[in-house]
Every structure is written in C-alpha cells, then in structure tokens.
C-alpha cells in the first residue's frame, strides 16, 4: 500500500475548526473520495477530545459498499482473535465502517434527521443534491465537525456547470428543453469565498480554487476560561442568582447560552401561571438550542405537577434532542429512571427506537406522550402541548393543535424547510391579532360573536434565540450556506427613496445569466430579490432558488422607481414578478395524456385545464403563468403589484416593440474546457467576464407571443380580490386543500388582446360558465367551509360579459316545483308557516338565482350571502349568524323578503303563461283614412242604390202573381176579429174558383203550404 504525506493544511484546518467550535467543508473530487473520508474522520477523531464523532452518510440509491455493521464487526473480531489483523494491509475503509457509528440515510428520507446532531456529514451522489437537502444535512453537523461532499472524477470543475442534475428533468417541458446549470456554476464559485472550505482531489491534493488556505496557521492553544464574552458572564450571574429558586435554578444550570436560559425562564413562567391559555412561540435559526430549551421546559412542567403533557413533531425521530434534555432535566431534579419514571421506546423500525412515551410516578401519575401532528382530537385531556419543528408541520395541522391548554412551539425560521416563513408570517401573525383583541373591551356591535371570540383568545409570548449552541458564533460554513441559498434575507432593507407614483415606475427584464454569475453587484441584487420573495410569500424554500436559476421557461421582471441618470448604485426594488411560459403542447401529447390519465412535469395550467374541461385544444395555446408577485413589505397595498402586472400584460401584448436592431444573444451552451487545456490542479475558477447587462428595458428585448396570462395561487379573499381587479377569471378550484397551507389552489386566466378578441374571449367565457356551474354544485361538499362572502366573490365576476339567458318558463318551473311546493312558498311569504316547511326548496331556488335564471330578481349583498349559505352550503342559521355577523332575527327577516320576491316572480311567470294560452284578441290598428266620412257615406250610398236597382230589375222579370195575398184591409180586420186571440188558422174568401184539374194538384198543395206559412208569420207579428 503506497503511503503519502497528507498536506499539513488539511490537518490544521480541521484542528482549528475543533478549537474554535466551527465547522469545516471539504469537497473531494474523484471516484476514490470515500477512501479519503476515512482519513478525514481519523484526523477529526484525533483533534477532538471526546468519543469518535458520529457520521451521517447521505446517498441517493446505491451506497457502493455494504453497510451491515454487525457482520463487519464479527469478521473483524475473528481476525483479531486469530491474530491475522494487519492494520497496514487491511482496507482502512472496512475498519472505519465497522468501528464508527454511521447513520445511513436516503436523500428522500432526510426529513427524519431534523433535530439530530452529528460530528461528520458525508454527501455522495452530487447529481441528486438539491438546495433543500444541502441545508437540511449541513445544519445537523456540530461545531468542529466536517461536511464532506463527494464528486466523481473530472478533468475540470467547470464540467459541473453542465452537469445534469436529477431535478432538471422536472424543469423541462415540451416547449422548453434546454436547461442552463447556473446554480452549479454559482455553487462552485461560492466555494472560493468560504474560508473554511477546501476543495481537494481523491489524493488529498488541494486544488487552486482553495488558494485562500495557502497562508493558514494553527491557532495557539487557549485555556477554557479565557476571554469570556459579556453574554457568558451574564449567564453565569443568572445561574448564581437562581441557585435558591428551585426547580428553576437547576434547569437553568443546564443551559449553554444566555438566550437559551431566558427562553427556559419564559417557558417556566408560562407553566407557573397555570392559566392554560397562553402560547409561547420560540423562533430561531438552526442549531440555537430550541429543542433543548423545550426539553428542559417539559422537565419543569413535570416538577410543577402537570399530568398530561403531549409532544408532537413531524416524526418521533426528530425528538432525540428534546427527550435527551427532558432526561437531563430529570437528572438535575434528581428523578431516577425505573424508580421515578420509565421510558417507552417505539418498536416501529421506521422510528429508529425513538422515545414515544415517558411515564412519571414520583408523586402522582404523569405522562409525556408523543402524538402524530394529525391526531389533534386526542388532546382532550391535555394540559401542555409541545410542538417541536413546527415549521415542518402543515399550517392547518398546527392550527388544529392549539386549544384550551398551554402550548409551547419551536420553529426554524430560516426558510430552509419551506414552511418556516409560513409559520412566522401567518400563524404567529394571527396569534398576535388574537392576543391584541383579547386586550380590547367588547363593543355593543354584536356581543354574542365578540364574546365567543374572546373566550378562545390566547395570550402570545414570543421568544427568539440568536446565539448558536451547536457551533460557535461566526461559523464560516453557516455564512457560506446562508449566502449561497439566500437563507439569511430576513432583515429586508428599508427603502429610502420615498413612495414614487405607481404610474412613474417601470418594469425591467432581469438577465438570469448575470444575476447568478456570483459577481459582487449581482449578488447584492439577488439577495434583495430573495429578501422580497421571503418577506412577501408564505412558502419559500431554497429549491425555489434553483428553479429560478435553472428552469428554462422561467423569466424574471422587477419594478423599479424612476432612476435618475446620475445614479451609479443599483436601484431599490419595489416588486419582483416571476413568470413561467407554458403551453405549446402538441395535440397528440394531450390526447395521450387524457386517455391514459398521465401528465408530464411542468405546464401546470395547460395540463390542469385540459384535464378539467377535457379540451385537447387548450394545451396548444401559449400562455404565461405568473408564479409570484412579491412586493416590498413597506409598499404592499399601494398599487405597485397591479402596476407590475399591467406592464407585464402590455409587454406580452406587444405594446413595447423591440427597438434594438441587434438583439442580445445569450449563449445557450457553456463553453466546455478540453481536458488537454489545463489540469485539475492548475485550473483557476473565476466568475465570467463577458456578461450582458443585468437589467433590460422592455423595449430592448422582444416579447414571446402569448395567448393568455394565468395564475395559480392559494385562495384567500385578499388575493382573489387582487386578481379579479386585474381582470382575471377563475376556471379551476382544487377540491382538496394544500397540505402545507390548508388553502385551495385556484387557477385564473386572462386573455391577451388580439385582433380577433371576440373569438379569443369565447373559450374563456365557456370555461367560466362551466366552472361556475360546477362550483355551485360543490358548495355543499368540499367548499362548504368557505365563508359566504368568499363564495359570493368567486361566483360574481364582471370580467366576463354576461350572456342573455332565456327567462324562466312555466315548463321549467313545473319541472322543478309542484303546485303544492309553490303553495308552501306562498304561505311562508305571508308568514303563515315556519321556514322549516320550505327548506327543501331553497337549494333549487338558490341555484336558479346564481345561474342568472331568475331574470331581473335583485338581492342585496346580505340577502345573496344568506341565500348562498342556506341553499348551496346547507349551513344553519346559527352558523350564518357568526359568518355574516347579523343577529338571527334580522337574518330571518331578510330570508322572508327573499322568498317574497321569489314568490312574486314565480306568480308572474305563471300568469304570463296563462295569458298566452287565452284567446288572442285581434288588435285593431287605428290609422287615419284616406277619405272623409261624408265621401265614404256617399260612396256607400251609391253602391247600395246600384245594388238595389239590380235586385228590383230581377224582381220585375219574375212572375210574382202567385205570392200575392188576397183581400184588402177591411176584409182582414173582419176575419181576425172573428177568429179571436187563440185562433191558429184564419181563412179569407178568394175571388177565384179552385181548379180541379189533377195535373195542378202538386202546385196547389205547394201554394197552400206557402200560404199557411205566410199566415203563421202574420200571426207571430200580431203576437209581438
């Protein structure tokens, strides 16, 4: 085995780190890097005075060697017994694996190691490493420990620039395939700036990028009590002053820093109050002793006689430190295991024998029990609930864990977990408001709801830890990690330029190549941008930084105040807009996806909308999704976000034509270094020089052609109002709430102006109608928890033109309601029956109203909210009393008025239908005549006279002798007087004698008949 002298600077760096309690970072380039881990660990073991440092070994899938420790130990013991162990010849790596406490961990299971501490961390499979994983693992290493990153053999570190990372496959979409590895480039360049970082090859030769260690010198040995800081002296004084106050004194004695001691005192103050209504929130960066402070506080709660103590965290594995300090507290309080308490460990192999229960039976039965964050229902008898790593628990679960008991919570706020800001921004903000409300006296506005709110109000105490315990202050690796991942941008700079008018501000395009080049000026600008991101958004993880730098479809814009021409410094940033270009998916891909139910990564809006509406054409449109609009916290709500959005829309509508003749071409691929050009040991890595300007005006860059702008966000009333005001229309609302925030994802779209604008807007109007119909149906299911105000805000949208719907007809009415139903409604409208009698009809009425099928029926906002709450969300009047904030009597009055209006409308519909069925009366159209009345009468008289003459002429030609009535008046008078009143027949003597010829008989009979008839007529006249 060839032996080689190790560079002395490596040993000095490790020993200095141990002496200063600061971590060191080693990047080992080469396939045999794992063999050098043994040497580095050996140096660390010699430098530290305590036991062999434990190791955390993280990998993707394949470890590359057997991790079976027992098997290796048996083999080793056999060799020792047989005397065949040769330390010079045997593989030192085998010995290292057998004799060291190594925790092997897949990258996708690193959440289980939160809260644990290791002496050394090894990260292999660099391509699987993400910023989140880097932050999570590096922060578990204690002061004096080592972080070792293993890279494969390469000729140049610049090969890492073009290395394909596993996460890149998620950034590629059908339309955007070319990923540029800006994050890796910045990562490598940042290594040169870290004073405690060494980049070495697998022969332990130091590479030129780490030239800063050329002058490293060993630190002189220091006495332990030398140079105590003022904080350490204050801590000693505090411990001495509390010696006589027990059990507080012994617990504070276990604290390492002044911050931690003050936190423990605050916890014990909450315990001793025993109001069970206060929340103590402890926030700090990693490695500040949060879990230890909680553990000591739990020991204090047991000493104060608390019986039911529950502890929760994402996994029992995260509670190693907490329980370790519970037992340290017990030792200080002179509790003895088995005599005073017993420990129950988990048998679940996933939890790695974690402590899940402690039974204390010194004075009376007391328990400390681990529960899963989702099991808040089991907290019925709790007196104290402790939430560790609250930042890693979804926000809705943390809210459900708060109740009528004392709550201690600890949270990491550096944003490494992704939800750290969520907890500090949202939850603690809400607790602050509740706490403030409890101080205010009740008003007479609505005493019932105010009293209920005050009953649940809690007092909030906030504690933060600044001083690090896991490693000494000023740790170089912590500073490097914070700068690399922009974790430490919580302190946002105040803008000194005043409030410019939003109309005067301009939007600029940010060149990402320049932004992530690790130049000093661009680093300052990047930190400013990320500070805005962190301060104005609920969820911000380091992975977002990698997506921003590497994803090909993402673009950055920033809103800047008017910049005077003489200004040399970088301007203040008012707002940042991140846009992701989506769409342009081939129809075939969408059809395949719809038929198989599979979606590719990326293209969030096209895939979701295509699936929701089963529309294969939508994915072909090109759109821009606004990923974030982050506005400076001092300027929120002043119109800067709306201005940025307005300018962005104008840019993509082509209203800023590109005036540049030669557009700045950014090289798509990075120049690779040939292996002959320079060796790894001679290569000098520096930031690139030939970079385009950081900021471009919108008319200096041609815009991509887009059909629509879209946004997907967690639905809140404020955000909905903002996007509606910007002209966006909701088309999708996810039915299940987001695990992290408890909010429902909402997708809203807006078409961009084009020549055929009417046709453009038609598909959006169709989507909106379909969405509204579905949303109304789902209001009684997943969306029943929404407040009526929020639901109304979603349904009412003026950004889509109202289409004229057919009025409600009698057939439709009869299909929905029986005559008896209408009778019931009428009876209620007259206050003759109770409202329970018509509750079954309200859903149908609500649906008709909100689908605009009730014609001109108009309701006030309160009436609409009431109708929606009762009819579509199926809420009780008591619930609505709290949500609408009106007394129930007033609500019932409003409800009766709604039904009256509806009954009147239904009656009108029926009356109209009956009118249409009745016989139609002919309408006489009165028009002025052409002739005067006298002319008209003269003409009619002439016509009559002519007609009369013709008829008289006809009569003259006919023989009328047979119709002549014989006799004169005297004869008739005589005959009639003789006959009397009741006579039916009278006879008059004729002058002619009757002819007796047989031939004339028929004629005679006819004549007689006629005569008889004539006589009858005469008789009738007489009667009259």
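The backbone N, Cα and C atoms fix where each Cβ goes, glycine too.
Annotated acetyl-CoA binding in Swiss-Prot involves 629, 630, 631, 636, 637, 638, 639, 640, 641, 642 plus, out of the candidates 688, 701, 705, 725, the residue 725.
Summary of the site annotation: Swiss-Prot records ATP binding at 287, 288, 289, 290, 291, 292, 293, 294, 295, 296. Screening the candidates 74, 103, 470, 512 against this entry identifies 470 as the one listed for that site. Ranked by Cα separation from residue 291 (ATP binding site), the recorded positions 641, 716, 987 are led by 716.
Here residue 295 (ATP binding site) is compared against the recorded positions 637, 639, 641, 725, 934, and the shortest C-alpha distance is to 637. Reduced to three states, the DSSP call for residue 470 (ATP binding site) is coil. Cβ crowding, taken as the number of other Cβ atoms within 10 Å, peaks at 293 among the binding-site residues 293, 629, 631.
Working note on the recorded positions 291, 716, 934, 984: by count of other C-beta atoms within 10 Å of each C-beta, 291 ranks first. The binding-site residues considered are 295, 639, 641; of these, 639 has the fewest other C-beta atoms within 10 angstroms of its C-beta. Comparing the binding-site residues 470, 725 on other C-beta atoms within 10 angstroms of each C-beta gives the minimum for 725. Each of the binding-site residues 287, 637 was scored by the other Cβ atoms within 10 Å of its Cβ; the lowest score goes to 637. Here the C-alpha separation of residue 470 (ATP binding site) and residue 631 (acetyl-CoA binding site) works out to 35 Å. In this structure the alpha carbons, written CA, of residue 629 (acetyl-CoA binding site) and residue 984 (phosphoserine) are 113 Å apart. Counting every protein chain shown, 10 other Cβ atoms lie within 10 Å of the Cβ of residue 987 (phosphoserine).
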